[in-house]
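Beneath this line is the structure, given in structure tokens, with notes to follow.
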């Protein structure tokens, strides 16, 4: 749980060192001065800067610590992260202010920030006995953009990584932390780390820092158990960190005179400080919401991410040189420090995340214990139940064996009893033997009577010799058999349903096949009969037709009979076959076949002579009326009933009579000889077609008979399938 996130600005302090003795010797002029009681710095003629704290050349180490760092230490004990870092050019007094060098040999007044903070922290710990403190320290160096552990030099560079924890705080993974119990231990570790730090001599400083150093104190505090017991108030453990950062100084090669390895170091140092300056500029920009913060440009900026704009209370101490030769560097440092004032952090109280993990683990352990106990109880119950079942089974087996022995003994007694009775009647026995035999018979009768009484009591009216528990066992076995039979019956019922479904599918498939075959047969029969009537001379149809044959003088002349008799009226013949049952089953197909026959029907036209006279006209009118009446009666008969196919012999007789009448009419007219020849040819051609039609009709009849037999067989097969299920 975190407290409310309140934004606070980064505190910026400026410390101006005095001129060094060699600078005085070379007559360096002072270009920086302070405004008394105004917290302002004036550099040059008109560059004025205002900061949170300003320290002049006469300021002491104690004054700097008390004003800037002591509030941070109080925040550290309250659970806030704190950071102090010194920024400035080479030789401006950063390491001296931080107090990271020559600690043991320095005088008490000359000690810097780190030794004073360590001493005060342990003083605070000694004053609060009701709180258990755990203090750990680590010391990391950033040299040429690589991390080094100054407290454990054997740690590989590849093992150190900068990461973020689950709360977004920056941590250095792989850095070794040493738990300490007193201030002297911390000072000793700090001295050993300083001895391993990269330093070098330049024209600006004899002991110039050639790397960035981060000394971290981690404090975890928790109320003691005795205090919690007395106050009944539990407080969550708090974990906070204090970072002391000593930056390498920015430098110009022209002034430091660095060459070779020192020059490469200068390039890396300036690169890291440039990235830090960019971060400060981006964070100090009033419009920084739309500006990217380049934390990842350098290792030092990634480490200081929480300190600059993150979860920490931060103090930036800018160290500058008053010498006029360092005017440019001092002015740049003051500009960065002025921008850093606009950086706003969001520090929060950092409760120990291990507390949450411990609570979760304790809850999980409690739940697991409860589950284990429940499992053990269940296992015990199961074990007891199994033992009880085994004991019951053993007793049942023992009882069964005893029952078998009992029946065998009783059978033996039943067989021996009649013999004993007969033997008792034997007079040759002595008196002692007879008395003994009588006692046996009496005992057997008594036992039989008792057994019979017990049986009647247990079974009521039943006299079965089987005991009650045996009956229960038999009933259980019968119940199991019944259950097995029920399962078998269910399986058989399912199989029966599946077979019924399969039979239904087979019947449906058979019905569809029969329907398809009958449709094919009907189509073939209709086509054969329609072709036969198209080839014949008679004009007949089996359904309504929209038009009749036009009866004209040309048509009536060859149809005129010399005997004066009327033309024979047309009629429908009886059916070719007795297919009433088949036609009734396929009544639905009637309309489709009628429409096909209607479409295939044709009108017969004759090319006759145009000659006529009035007598023939009169006769023609009578014949016309009779003919039309006969035709219409034939064509319109029974439109709504089933149609009947005409007999082929009737068709042939009608054609013969029509041809004979045509011949007699043509022979009376000697002027139409050519037409007679033409009609004879037509007659021969039509007769040939009629024979072909008769052959096709015979084939169709044969197919009908075969199909009828096939249908009958399949109907019998279906009936047999239905009957047998």
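Cβ coordinates come from backbone N, Cα and C, glycine included.
Annotated features in TrEMBL:
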DOMAIN    9-343  domain 'Kinesin motor'
BINDING   88, 89, 90, 91, 92, 93, 94, 95  ATP binding site
COILED    358-405  coiled coil
COILED    475-509  coiled coil
COILED    690-724  coiled coil
Fewest other Cβ atoms within 10 Å: which of the binding-site residues 88, 91, 93 wins that one? Let me know.
93
Please give the average pLDDT for the coiled coil (358-405) in this predicted model.
88
Within 10 Å of the Cβ of residue 94 (ATP binding site), how many other Cβ atoms can be counted across all chains shown?
26
Around the Cβ of residue 95 (ATP binding site), other Cβ atoms found within 10 Å total 26
So how many other Cβ atoms are close to residue 89 (ATP binding site), meaning within 10 Å of its Cβ?
24
State which of the following binding-site residues has the fewest other Cβ atoms within 10 Å around its Cβ: 90, 92.
90
